[in-house]
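Single-structure report; data block below.
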């Protein structure tokens, strides 16, 4: 697995059970996965030499993130390395414009979108807004994640003009989309194997805060069966059309007129962390099974409600003493920490609670996450 | 954790979630845990120098097995290393005679037992048999596991005489016990922290084959509530009396006249592997929490029935191709492989199934384990 973040870390936990040796390419031995894996190679995923040395003797190469340049993945593939997902599929998780064009080509519901031309971009945006209304959503076609590379434009004022001109001057390729008035955000997580088997997890509701996925509720409360089935089918269709191998997470807007695709990711995804305890097969094991072309595991939920809340860094770099309260307060809450240095607002772990009563489960997960962040000061800070 | 077996391997999986760095002392880099852990020290747990070098900078030292010599653990403790369980407690899992004497001293139910004197041992055994009847169970006081170091004596014949004399000549210290006529075997798994908190898992039935734990059913089918509660209380009492920190597994005989203690282990135990999916907190996480003096996790079962079956090695050293059938046949069965070289009859992994219908769950787990061992030949071989 290329990348040494928490996704590789949790994938390693799953791979251990299957007796599958996981090698990780990390930039630094201190990275989340590098701390816990036996087979760590230090290198830069933007260097073909490093990738080649890493991939030697690997049966399959897969990705912890979308930031490996296309041309390098293609070079690996040309040399005979099995990359899953492959470059053609992964491109749709790397380039938002390519993704929009492709999804639209087979009728997957997307917001209105267009490439922003470098010539007369402001006039173009004004015309786009006349058709679709303000606000607009401006996105870098490549390189964004967790809210980075996305800007909401309220009007064509001086700030907007400065931003757009600066980005284009910096060579950032831009996409504009209509702003979708959504009721809430959902996520559909599916797996697809090279053989073509597909498996869909229950549809979840994701609650974002500051552009970061903060809380995930499985199943999405009150979601009607038809819409849930439609979301699963949509994600399976996208996986098949794009030839995805491994996991595909489809972030969705639920609107008054139906579902709209927001973003795609082709790897274990924050919206699927709940599956570690909440589904018979965790997304991490499912990804390993899918990329190795093993039969996929059951996606059945293990409880009526499962809630995952991300743990963000607070002011105190030492989270460990706060375990005592969290574990004593709630022996059933599951704590997952990523071994990351605590910085305020950084994702450093997640907690999961499950049970029959959604309000109670949600309160338990929130309490644990807030306490791990703030300690006894959570009431003032949370 | 001293020892590089599958218990350390699975403890590492649990420690990762807690963000607890686990260092492992293994004799060989190919050992089960050494294959997957980031921090592996190669050394011999019977060497004080190796143990000291290993334990340096560790907050707590714990054990994957009972084979570290007492005097070395005591030396570590005297040098200020926190050993959990400590030497005084662990002695009762290392020396069966000490265990029997201690348990009897506070009324824990044991079979009749006695040390076998090196002078006139056969006359002694004959007298013991006159009181308790044949067969007798002869045990090495130290060093046995998985049926090794245990012999059932049917009569004082020439074979018995030869065996006893040979063992004594070799310097093996011997214990004799009455043979308990049990209905079935149960196991009670509890955790105890240095703070004194205790937690008990549901009582399971264990099915042994050739002296090796083969199948575990949670909860023990048809066990009445009183006996289950008594077994849990007994294990918690033993943990407290012996000052155990970490896990304590108590192997029990269920007889017509009540429960009898068979063996003790102070570490994650084969009879608790079902907890990985079958309990809110796995025994591995529980052990980590207990030895670090963190509050203990919920032992609640996640399903009405959970069955674990050990996977033994068959004739074919390559198990991997058989995953395809096992996973396709039953997407809900959980496979845990230990990365061990396949040798016929060797424990190389386990599988877990869970659900509402015991017969079905048991059949699913058995099928997966048998297929992983024998492949399509399972019908003839299993």
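Including glycine, each Cβ sits where the backbone N, Cα and C put it.
According to DSSP, residue A:96 (ATP binding site) is assigned to a helical segment. Annotated ATP binding site per TrEMBL: A:96, A:139, A:177, A:178, A:179, A:180, A:185, A:262, A:263, in sequence order.
What TrEMBL records for A:100-292 is domain 'ATP-grasp'.
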Within a 10 Å radius of its Cβ, which of these binding-site residues (A:177, A:185, A:263) has the fewest neighbouring Cβ atoms?
A:263
Which residues in the same chain, at least 6 apart in sequence, have a Cβ under 8 Å from the Cβ of residue A:179 (ATP binding site)?
A:111, A:132, A:133, A:134, A:135, A:136, A:137, A:152
Cβ atoms near residue A:96 (ATP binding site) (within 10 Å, other residues, all chains):
24
Tell me, what is the mean pLDDT of the domain 'ATP-grasp' (A:100-292)?
95
Helix, strand or coil for residue A:185 (ATP binding site)? Use DSSP.
strand
Taking DSSP three-state, what's residue A:177 (ATP binding site) in: helix, strand or coil?
strand
